[in-house]
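> Can you read through this structure? Questions will come right after.
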Ligand SMILES: Nc1nc2c(c(=O)[nH]1)N[C@H]1C(S)=C(S)[C@@H](COP(=O)(O)O)O[C@H]1N2
Ligand SMILES: [Mo]
């Protein structure tokens, strides 16, 4: 029987559509900005020379972006048809087409500002879809070629499979868009939310030691580290949010967002860090948090004397147990609604999260928090505790060298060394640096308005030509010296001095 390249081209083009649909759906569900196709369009816009862009905009006006997207889609359909035709004679060649397209998509996604590894997922899903669907759609064509007597039956099968794939593509893309829609609405609510009394506090001038390369004392929201187990983060409208407080209390209550923000507001600088932060690493940040003191709310509900913790639960089911002492003493443990003067970013727990100075995030800083059960440690096992992490998670004193970098070449002679040190809720009294295992030399500290935030430090050392080792340690306000004993992050936080190597070179 005579073979029809048209069918193979159609199969390839359909495969392309299905892959674009699954890829788009994954991007929407994960709500990672935009689909890879849009990322490619943005990349093209970015690398188009200004003069060419102006000429094009003159030519097509407001239609520039839709036309660009349309052009990309038409090109992709052609590539899909091309891959389909190639599949007629080779299994490898269409794979190469999918690979090249995926590589372009990956590149475009990764050069987007703030891109991270998850953003590649839609591309990966699209690639896998292409490979699987092409072989499924072309199977009847292959059979028809091998068994000509079955050709007419196989042609019907092909048309059915092709039709099903087309419908599936539309359904997948539509479902993805539907799930992603919640996110867009919440992003809009967040943008429009006005929080009475929340101020945008600049970092006090004295906090900086004015050394280039040292982490900014105030961490911008976009640079603040992110840790959560949720793949698709919860999207909660403020009007739908509530916090139920129950368990060993005199009066169970449920607070709405309006109830919460009508209370007296507390604002504070608090450094939040992750127990998984390795020595010298950067899972830590410092922000201006605004919220309502948890101590006040717990006082209203009345606590049973036998209780010793609050089991906090997030809307996505994650939980942690926080000691009542830390929630009811004089520290600023709060239900936070704003971070650096803005409503919490969705990824950081919008509309409400917990922040507790002095404790690692995994035992205290519940994002998208919706439930407080007042209870006893011995009666509960929280998410990370069940997985081998310590039940209690007070922050360990720690310090880090930000500049110079490990392995850097530096000029012989005077060298400025600097970084940050933290011991939240105790405070840092001193930071010391040792060169090549020599005497500990005291560093200059930046000021800090509170013991709940980290401090910047800097020191000038003098280096002779050759390789050197620099290490740092901190001393807290209780007189505790940071230990040099190296311990892993599991079960309750790393210890050890951050140590780096530099090469001093002359000229
Ligand atoms: N809902 C939820 N809240 C969570 C987590 C989580 O996985 N889910 N991780 C915790 C951990 S381990 C840390 S270190 C902090 C991190 O907060 P951030 O992502 O705002 O920096 O959030 C805490 N709150
Ligand atoms: Mo963490």
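Cβ atoms here come from the backbone N, Cα and C positions, even for glycine.
Bear in mind that the values here come from a model prediction, so they are computed numbers and not experimental data.
According to TrEMBL:
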TRANSMEM  6-30  transmembrane segment
TRANSMEM  69-88  transmembrane segment
TRANSMEM  95-114  transmembrane segment
TRANSMEM  120-137  transmembrane segment
TRANSMEM  158-180  transmembrane segment
DOMAIN    232-378  domain 'Oxidoreductase molybdopterin-binding'
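What's the neighbourhood like for these features in this structure?
Long-range contacts of the transmembrane segment (6-30) within the same chain: residues 36-37, 73, 76-77, 79-88, 94, 98, 105, 118, 121-123, 125-127, 129-130, 133-134, 137-138, 141, 158, 162, 165-166, 168-170, 172-173, 175-177, 179-180, 231-232, each at least 6 residues beyond the stretch ends and with a Cβ under 8 Å from a Cβ of the stretch.
Listed as Cβ neighbours of the transmembrane segment (69-88) (distance under 8 Å, sequence separation of 6 or more from its ends, same chain) are residues 3, 5, 8-17, 20, 37-38, 40-41, 44, 94, 97-98, 101, 130, 134, 138, 141.
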> Which residue counts does DSSP yield for the domain 'Oxidoreductase molybdopterin-binding' (232-378) in the helix, strand and coil classes, in that order?
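Across the domain 'Oxidoreductase molybdopterin-binding' (232-378), the residues distribute as 29 helix, 60 strand, 58 coil.
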> Sort out the residues at least 6 away from either end of the transmembrane segment (120-137), same chain, that have Cβ-Cβ distances under 8 Å to it, and list them.
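Cβ under 8 Å, 6 or more out: 11-12, 14-16, 18-20, 22-24, 26-27, 30, 32, 35-36, 80, 83-84, 87, 91, 94-95, 98-99, 102, 105-106, 109-110, 158, 161-162, 165.
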